[in-house]
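Pulled from Swiss-Prot:
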type: TOPO_DOM; residues: 1-32; note: topological domain 'Cytoplasmic'
type: TOPO_DOM; residues: 54-121; note: topological domain 'Lumenal'
type: TOPO_DOM; residues: 143-146; note: topological domain 'Cytoplasmic'
type: TOPO_DOM; residues: 168-174; note: topological domain 'Lumenal'
type: TOPO_DOM; residues: 196-242; note: topological domain 'Cytoplasmic'
type: TOPO_DOM; residues: 264-293; note: topological domain 'Lumenal'
type: TOPO_DOM; residues: 315-339; note: topological domain 'Cytoplasmic'
type: TOPO_DOM; residues: 383-421; note: topological domain 'Cytoplasmic'
type: TOPO_DOM; residues: 443-449; note: topological domain 'Lumenal'
type: TOPO_DOM; residues: 471-490; note: topological domain 'Cytoplasmic'
type: TRANSMEM; residues: 33-53; note: transmembrane segment
type: TRANSMEM; residues: 122-142; note: transmembrane segment
type: TRANSMEM; residues: 147-167; note: transmembrane segment
type: TRANSMEM; residues: 175-195; note: transmembrane segment
type: TRANSMEM; residues: 243-263; note: transmembrane segment
type: TRANSMEM; residues: 294-314; note: transmembrane segment
type: TRANSMEM; residues: 340-360; note: transmembrane segment
type: TRANSMEM; residues: 362-382; note: transmembrane segment
type: TRANSMEM; residues: 422-442; note: transmembrane segment
type: TRANSMEM; residues: 450-470; note: transmembrane segment
């Protein structure tokens, strides 16, 4: 016997597990574009409010994961309450465990690959079920819910989770480009940036039914015309409100986006030559952001698990009573503008401050602990991921050998050794830089938007690279040639 394998536990449920079939033939470039765009649009249009919630004026339990939502496409009190987190986390965690040989799986065998994909899907669905019921019984959706209400909320959130999982699988199975979850997440982050700047949705922010626009620019315009604020007061509010997007955070987010865009072009070019034809020289680029945004995603995945576990203990067990022994040890949640559940010390050590000045004056230690956590986890992940994801120095050296390529001035047997001097350093340095940008942005009070824009920009560039390669290989007959006016298009 080969022993127990974790992937084997999904075998009994394979007949009832929903699955997207592989396409019968390779899809044309234009079809993949359509599938990719519509997958993102369908997810965006799925942000329906939950049905069956008590019509309370003010929720008793506010949002404990407000600073994590922007990274995983989560929308509070909608069908997308937990967004893409279960899908992204299940893929990252299980692939990491498989690469570290914690999970026994042979990716060279098709049946093992299929079982692993099914395990990833089941793990994501189970997370949707667990998260839904944690929030239900913690009182996030209201107190004293009836059995019908509990069942209805479960049906909506778990059903939406299964739908989201299958929607991402459509892209993963070859109907679109790259990773389905990453593509959808990139679309959501881009949309959120527009909504945070120009959103007209009115959100209640006070006890007296006072509302403000979600978009920072729209809020400025309304503030200048408001009867409840002076001209100067409207401008100040537009730049410094800490419970909804403001112009200061919008400017910082755009600055971070520009920096990440620039970092995408930073690379080391290694001179290479062909071993099959003389005089054929070129360069092999190794990007600074070698592992992309995955290091930041991993750090925030671990943060999500930590804060959900803390939420269970503080809210579900201790009922958020400051006098309870659990709250004395872990801290409790404080209400911020009837929207956010802000953790207190010591849980606040692993949560970014809601504003820079509040962080400096009330929780200065957070800058050290939060930054250290993001940096250490990101660097550790990048170092492990580059070694197990098929892009290590040894893997690249094997690709060179298969393609008849070698480093200029180096023997073929020394290629892996030379690449090993560059690739791990690039992966770790890139992860360090992205983590540092993230913690600086979050320390300024961006509430997850810094991490979100880092993930969105890096994910967008990865998608663009995949589309570009696909277009060069099979996009010659694409209808986009005619639209873009490419010379020689039919």
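Using the three backbone atoms N, Cα and C, a Cβ is placed for every residue, glycine included.
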Distal contacts, the topological domain 'Cytoplasmic' (143-146) - CB-CB under 8 A, six or more residues away: 54, 60, 136, 153
Long-range environment of the topological domain 'Cytoplasmic' (383-421) - Cβ separation under 8 angstroms, sequence gap at least 6: 95-96, 99-100, 270-276, 281, 284, 290-291, 294-295, 427-428
Secondary structure tally of the topological domain 'Cytoplasmic' (196-242) (DSSP, helix then strand then coil): 23 helix, 6 strand, 18 coil
Helix, strand and coil residues within the topological domain 'Lumenal' (54-121) as assigned by DSSP: 31 helix, 2 strand, 35 coil
Chain residues outside the topological domain 'Lumenal' (168-174) and at least six past its termini with a C-beta under 8 angstroms from it: 19-23, 26-27, 35-36, 39, 84, 87, 121, 180-181, 183-184
Stretch-level contact, the transmembrane segment (33-53) and the transmembrane segment (362-382), CB cutoff 8 A, at least 3 pairs: no
Structural state census, the topological domain 'Cytoplasmic' (1-32) (DSSP three-state): 15 helix, 0 strand, 17 coil
Spatial neighbours of the topological domain 'Cytoplasmic' (315-339) far in sequence, C-beta under 8 Å, 6+ residues away: 58-59, 61-64, 66, 134, 137-140, 203-207, 242-244, 345-348, 354
Intrachain neighbours beyond the topological domain 'Lumenal' (264-293), with Cβ under 8 angstroms and 6 or more residues off its ends: 381-382, 385-386, 389, 391, 400, 404-409, 412, 419, 422-423, 426-427, 429-431, 433-434, 454-455, 457-459, 461-462
